[in-house]
Amino acid sequence: MELAYMAKLPKEEFEERRTRVFAQMQPNSALLLFSEIEKRRNNDCTYPFRQDSYFWYLTGFNEPNAALLLLKTEQVEKAIIFLRPRDPLLETWNGRRLGVERAPQQLNVNEAYSIEEFATVLPKILKNLTALYHVPEIHTWGDTLVSESAVNFSEILDWRPMLSEMRLIKSPNEIRLMQQAGQITALGHIKAMQTTRPNRFEYEIESDILHEFNRHCARFPSYNSIVAGGSNACILHYTENDRPLNDGDLVLIDAGCEFAMYAGDITRTFPVNGKFSQPQREIYELVLKAQKRAIELLVPGNSIKQANDEVIRIKTQGLVDLGILKGDVDTLIEQQAYRQFYMHGLGHWLGLDVHDVGSYGQDKQRILEIGMVITVEPGIYISEDADVPEQYKGIGVRIEDNLLMTEYGNKILTAAVPKEIADIENLMNF
């Protein structure tokens, strides 16, 4: 699969986004965004650079120590970028820089300045403006620059609601990239099913997944991978990934690639030895039933809450049927008795961040719209010390897919990974 050539958005899309921001800004105002900086790992080594998602959304610029200023007056709307100047010596050591001279043409902005000039240039640009869209304390290095520039405004506004709502509805180009992120993530999970066997270590399976991501132009995961064998699956964010996989256990894998800045996010649970035991099958089928029903309900015009309420009812009834919960289903739901086995939400927005931005509405009652992308990930987690029948102790199951809201309902972007028991067992024993 050759995907590298497809891994970019056209620069006109970033310009169009900025135009939409200008339309929402107050007259005589400016909006200020800062990039990420390189993060120190230890001594003189840094982590691989990953751009701030908001900054990327409006610029498509992947260098640290930069700032974007959107200026709106009665006469003009300008996009101004501050960035590192060219430096032949540092570029020889650490990589190429775009530089001030090339930035306007490459980024489709009106003006460019060295970030070293920020404190002196900013007051001149912002003179006579009445409002500044700026969020302090996200990037403290940027706060320092703003402080040094000594600019004062009668009104400081938060740009996050505006940009978060924009990011929530994906463009056709974003959907194309997210489909590819889902496809590559699916390949990683399929590889994991094919290579898992008793006595391998969790980290070996993680390495198989990451290798598959890398083979398909996704160099980094979108979050820390979870490979949780046995009762480790009952730890929601288990990332140690250092235990052997035991014959007779399940393994829960929650892993996603990042492709062209966009996240994939899949969870699958399957038997280490390729064959579900009867108790494992019973819990798995209950989670799968809940997920399938949620997928039916997660369509434009409905809310996440509608789907989650149905998932809770299905799970509670199923847990009663298995003797794990005891009592009247309606009463158990009212008491939230299910929460000892299902303690997280049904899903989350997906995009530039794996837990992407955008309001869910009160009690997750926001109505889904075409262009939104959401995960659907019900689970059941029964700890080893739970007061339940012995055969269910230590079983943790989660099944997660990525859904795109469409005019026809939804599209599962991650459907390539098997989740029916027969399909999983056939793949693992092929």
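Yeah, the Cβs are placed from backbone N, Cα and C, and that goes for glycine too.
The record from Swiss-Prot ties Asp265, Glu377, Glu400 to Mn(2+) 1, and of the options His216, His348 it ties His348 to that site too.
Surrounding the centroid of the Cβ atoms of Asp265, His348, Glu377, Glu400, where the record places Mn(2+) 1, the chain contributes additional residues within 8 Å, namely Asp254, Ile266, Thr267, Gly347, Leu350, Thr375, Val376, Asp401, Asn402.
Here the C-alpha separation of His348 (Mn(2+) 1 binding site) and Asp254 (Mn(2+) 2 binding site) works out to 14 Å. Separation of the C-alpha atoms of Asp254 (Mn(2+) 2 binding site) and Glu377 (Mn(2+) 1 binding site): 10 Å, rounded to the nearest whole number. It is Asp265 that, of the binding-site residues Asp265, Glu377, Glu400, has its Cβ surrounded by the most other Cβ atoms within 10 Å. DSSP gives Glu400 (Mn(2+) 2 binding site) a strand state.
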